[in-house]
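Written out below as structure tokens is the structure these notes cover.
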Amino acid sequence: MATPQISRKALASLLLLVAAAAAVSTASADDVLALTESTFEKEVGQDRAALVEFYAPWCGHCKKLAPEYEKLGASFKKAKSVLIAKVDCDEHKSVCSKYGVSGYPTIQWFPKGSLEPKKYEGQRTAEALAEYVNSEAATNVKIAAVPSSVVVLTPETFDSVVLDETKDVLVEFYAPWCGHCKHLAPIYEKLASVYKQDEGVVIANLDADKHTALAEKYGVSGFPTLKFFPKGNKAGEDYDGGRELDDFVKFINEKCGTSRDSKGQLTSEAGIVESLAPLVKEFLGAANDKRKEALSKMEEDVAKLTGPAAKYGKIYVNSAKKIMEKGSEYTKKESERLQRMLEKSISPSKADEFVIKKNILSTFSS
């Protein structure tokens, strides 16, 4: 049977959509060029126009703008006629002073070949900024929707997700009109992204304005309300901590036994099973002819472990076996090999696997 043919025009359109979605789904600070005192005039006022955000790291409005500006940068990444850039005014005061910056964030438009800026006065959303840049630069770039890592709950899905005894679930009950909810939204999205590789952790939300009965069931009377539903307490407990990303990450790590930083990277504690430390010490201190006995003790203890610790325990045992087989140099050589792999372009799941193994190996070299 003949295969249906796709027209070149349709294929081209499809490829453009895929490219746009891919660009925005991987939006990051790297998509916005960070300018300094020495690079500003090398990049701005040259052969392309530039939109520049002058910001301060401590500024709340700047933090709120950051994810929108990063989406803008990702969308315009391949637009050769436009530069999306930023300047840290705490570090580069002279640049900000030169261009009359007195508050943060200040967004200025520099036409091609000009260092005479025009101040942007519009809304601080990726869509509004894109519309402005398109009108000034005669471009036609669209902001594609960014896939969310937050699980959106409904009355039909709430119980199956939140009451799942194999998951630790954080739920935000929000209202679309709520100002505090809007402020929290980009932070909550980043939190979900941090833990997207952890199958046992779910970051979710529920439109409590739309699903009032469910919100009332869980005692929600203000927005946003955050409740944590751990594996052992599906009645839920109030989250009363801070609402910055670092606060949430600290809470999840403590409650769920995870070990991630605010960028989603595993920390040096990931994979470490404290109860096995004495057995590792005994193994390393044993004479070669006694190591088999020390390994047997380790295997016995690992067999009693449950959950993620059971998986990590097997890596401890395999590491000990490799040391017996290849000698003490194995730890150093394998750690160096894993580090080389981590420096390559690998999937997040592979990176997690290698970091955990490297962390566990480090316990055999101390």
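Each Cβ is built from the backbone N, Cα and C atoms, and glycine gets one as well.
The active site, nucleophile annotation in Swiss-Prot covers CYS59, CYS62, CYS178, CYS181, and the record cites similarity to another entry as its basis. As annotated by Swiss-Prot, disulfide bond applies to CYS59-CYS62, CYS178-CYS181, with the evidence given as sequence analysis. Per Swiss-Prot, the feature domain 'Thioredoxin 1' maps to 30-138. What Swiss-Prot records for 139-257 is domain 'Thioredoxin 2', and it gives sequence analysis as the kind of evidence. Per Swiss-Prot, site 'Contributes to redox potential value' is recorded for GLY60, HIS61, GLY179, HIS180, and the stated evidence type is similarity to another entry. Per Swiss-Prot, the feature site 'Lowers pKa of C-terminal Cys of first active site' maps to ARG124; the stated evidence is similarity to another entry. If you look up Swiss-Prot, you'll see ARG243 marked as site 'Lowers pKa of C-terminal Cys of second active site'.
The structure, with features from Swiss-Prot marked on it.
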residue : record                                                    : contacts (Cβ under 8 Å, 6+ apart)
CYS59   : active site, nucleophile                                  : TYR104, PRO105
GLY60   : site 'Contributes to redox potential value'               : none
HIS61   : site 'Contributes to redox potential value'               : TYR104, PRO105, ARG124
CYS62   : active site, nucleophile                                  : GLU53, TYR55, ALA56, TYR104, PRO105
CYS178  : active site, nucleophile                                  : PHE223, PRO224
GLY179  : site 'Contributes to redox potential value'               : none
HIS180  : site 'Contributes to redox potential value'               : PHE223, PRO224
CYS181  : active site, nucleophile                                  : GLU172, TYR174, ALA175, PHE223, PRO224
ARG243  : site 'Lowers pKa of C-terminal Cys of second active site' : LEU184, ILE187
Packing count at ARG124 (site 'Lowers pKa of C-terminal Cys of first active site') (other Cβ atoms within 10 Å of its Cβ): 16
CYS178 (active site, nucleophile) in three-state DSSP notation: coil
DSSP-derived class (H/G/I helix, E/B strand, else coil) of CYS62 (active site, nucleophile): helix
Overall pLDDT for the domain 'Thioredoxin 1' (30-138), taken as the rounded mean: 95
DSSP-derived helix, strand and coil totals, residue by residue, for the domain 'Thioredoxin 1' (30-138): 40 helix, 24 strand, 45 coil
Structural state census, the domain 'Thioredoxin 2' (139-257) (DSSP three-state): 39 helix, 24 strand, 56 coil
